[in-house]
Each structure stands twice: as C-alpha cells, then as structure tokens.
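*Asks:* First the structure, which I've put down as structure tokens, then a few questions once you've had a look.
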Amino acid sequence: MATPGNLGSSVLASKTKTKKKHFVAQKVKLFRASDPLLSVLMWGVNHSINELSHVQIPVMLMPDDFKAYSKIKVDNHLFNKENMPSHFKFKEYCPMVFRNLRERFGIDDQDFQNSLTRSAPLPNDSXARSGARFHTSYDRRYVIKTITSEDVAEMHNILKNYHQHIVECHGITLLPQFLGMYRLNVDGVEIYVIVTRNVFSHRLSVYRKYDLKGSTVAREASDKEKAKELPTLKDNDFINEGQKIYIDDNXKKVFLEKLKKDVEFLAQLKLMDYSLLVGIHDVERAEQEEVECEENDGEEEGESDGTHPVGTPPDSPGNTLNSSPPLAPGEFDPNIDVYGIKCHENSPRKEVYFMAIIDILTHYDAKKKAAHAAKXVKHGAGAEISTVNPEQYSKRFLDFIGHILT
C-alpha cells in the first residue's frame, strides 16, 4: 500500500514528519502484554496521547490533516525485554482527525489513553472471514481490530466524508465510531489496527449475538461457530429462532431514522457488505447468574483460612470498572453504552439490546461485481445473496431491519 501523502499543515504532523530514534530509559509505566505487538500498541497510544496533549488544537481541520501521520522508531537496549521489545516502530494515521472524532463522540483523550494502556487488552474469539483478530480494552469500552493495508487505504478514501457525516449528525450515529488507526512493526512483523467504540456494554453481559445483513443465502452460523460460548449467529438463525427486537414506537422511530441516514451515506460512497451487529442482554438471566455467583463467593469465603483477602491494586481492571455508581439490573450509562436500547413493557422477556452497523470498509468494485454475477448464476437472479450493488444492498438491509423491530 502506498504510504499516505505529505504531512501538510497540522502542528502535530509537522513535528513528527521525520523519523525519530529514541534512546531512553524505560519509565516506570509498564506496558505488559503476552503479545509484543499489544505492548507496542499500548506504548504507542500512550506516546501519541501525550504528544497530542502538548499540541494546540486547531479551530478546524485542514485537508492535509486527512493525509497526515506521525511515526516513531525505537531502538533501545535499555528496555526490559520481558515488558517491551527493544526495537519497534509505531505509526499513527491522521492523528488530528481521530482526535477530533474522539471529541465529537464524547470521548476524553485521557480516558481513552487509560482504557488502552492501564492494563493489556483482552483477546476476543469473534470470528471474521477476513481472518481479522479482535481484542477489547481491559475495561471493555473499546474494540481493537487488525485490518489489512487495503482497509487502511479505504479508510483514507472515506475519512473526509465520514468525518463530515459525523459533524452533520452531531456524533449520534450507528456507524462504527472510529477512534484511532495505527501500524505496528515488531521483529519484522507488521500489522495494522483500528480502534472503535465497543458496540456491546462494558458491564451488561450479552447472551445472544447476531450479525445481520438482510440476506438469506449462506447466512447461517457454522456448527463450529455454534459450539462457541457466545457464537455469532446470522440472518437465517435469527429467522428460524423466531427472534424479534422488542422496542417501543419512539425508540424504533429514532433508531430507524439514524439507520436510514447512515445507510444512505454508505450507499453514496458505494460501500456494502456491512452488517447490523445485535447483542441481547437478558436482565433476569443476568440477575440469576449474579445471585449464583454471590452464593459461590460466600461459600468460598466461609472455607477461607481467616487471612485477609488481597485488595484490588489501584491499576487493576476491577478498580476502574467498579468506580462508577452502582446501577440497577438492566440499567446502563447511555454516555458509555451509546448503542443500548431497553425493550418495551410488553416484551416476553426483559431485555436490553445493543445494535450498531459494523464492517463498512467494503467498496463495490470489479471484484464484488464479479462475485455478484457468479452468485446470481448459482442461486438465481432473485436470490437474497449478499453481493448486490450498494443501492440494492442498502434497501434490502433497511427492509429487513425494519421487519425485525416490533
């Protein structure tokens, strides 16, 4: 992939255009992770946010900010290799743009930094056809996904339009909330990652998960997927189970208005193959599991040898997760869990739904047109295949989602 163009006018970009080599003693703050690439991501995000905190925030973004990057190379024999690789490179794409997006999504840079650097991100077994790997930040607020160099190029192609869309909708969207994009190099291994806000709640567990495209051809989870603790189910699974999303008329109206606006934006950019990710929290089930957990904890305490339990260290995940005021069962903070919607009063079960659009970086190009032609021959022209043109895709997607909300 071609490296994004010249750095242009942003203050940060002009400071970081040239390659830096750092020979510094490792500070007290450690970035321990089982994977060296994760350690480098933690180090890089920490470095980036610290750099941004010293930069004057421009009144408006300039065209060159959408091509800018900052890059740093570290060669340091003083680093403790148990905690950090001694040689690595870290590159951040369009730092001022993503800083501006975080602000528009109501995310404070210090909070973002803490979420990604205080403790190592947690692996997530979510499957992607592309082979992408997923992690969540330790506090479960953000998702870190590996992407391809083609995805990075597509992100650069749409970033200006995406930013404008976020400005126009005042940050209230069902699109992925893109918060940072990075390249990491360690020991000859190069990966690209993108950070987004987690669609699911950071505290309410999801017991059912669906990836919905509005297509019925080959849209069923495999037996291997279904064997997982939390499988990603698909359209035919949703239909065959008779699943519905029970939200009241006002919540439905607001949701569909946002969805329509976002999907029209994607169609204009000729983007397709996106999905609605749906997570369902069962309030009564979660309460029951909590009671069982407390009973088990009580039994274990009764069997203890009388010594005092070790307290939660200040930097541990538990400390931050429990720092917010306690919420009643099924309640959530809408400033954090922005995609959450409660079920209506007549729902057969008391549920909370977390729904947003994911995987928006597929452009309708010659490859997709060829795939559409091949599938149409195989399944027939009227079949509900997923590779249709962006206008058809968006219409079918909106129709399907409209029908599952009740």
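Glycine too: its Cβ is placed from the backbone N, Cα and C atoms.
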*Asks:* Looking at 59-65, 206-212, 269-275, 360-366, which one is region 'Required for interaction with PIP5K1A' according to Swiss-Prot?
*Replies:* 59-65
*Asks:* Among LYS89, LYS145, all listed as modified residues, which has the most CB atoms within 10 Å of its CB?
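*Replies:* Result for the most crowded candidate: LYS145.
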*Asks:* How long is the line from the C-alpha of LYS145 (N6-acetyllysine) to the C-alpha of LYS89 (N6-acetyllysine), rounded to the nearest angstrom?
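*Replies:* Roughly 18 Å, rounded to the nearest whole number.
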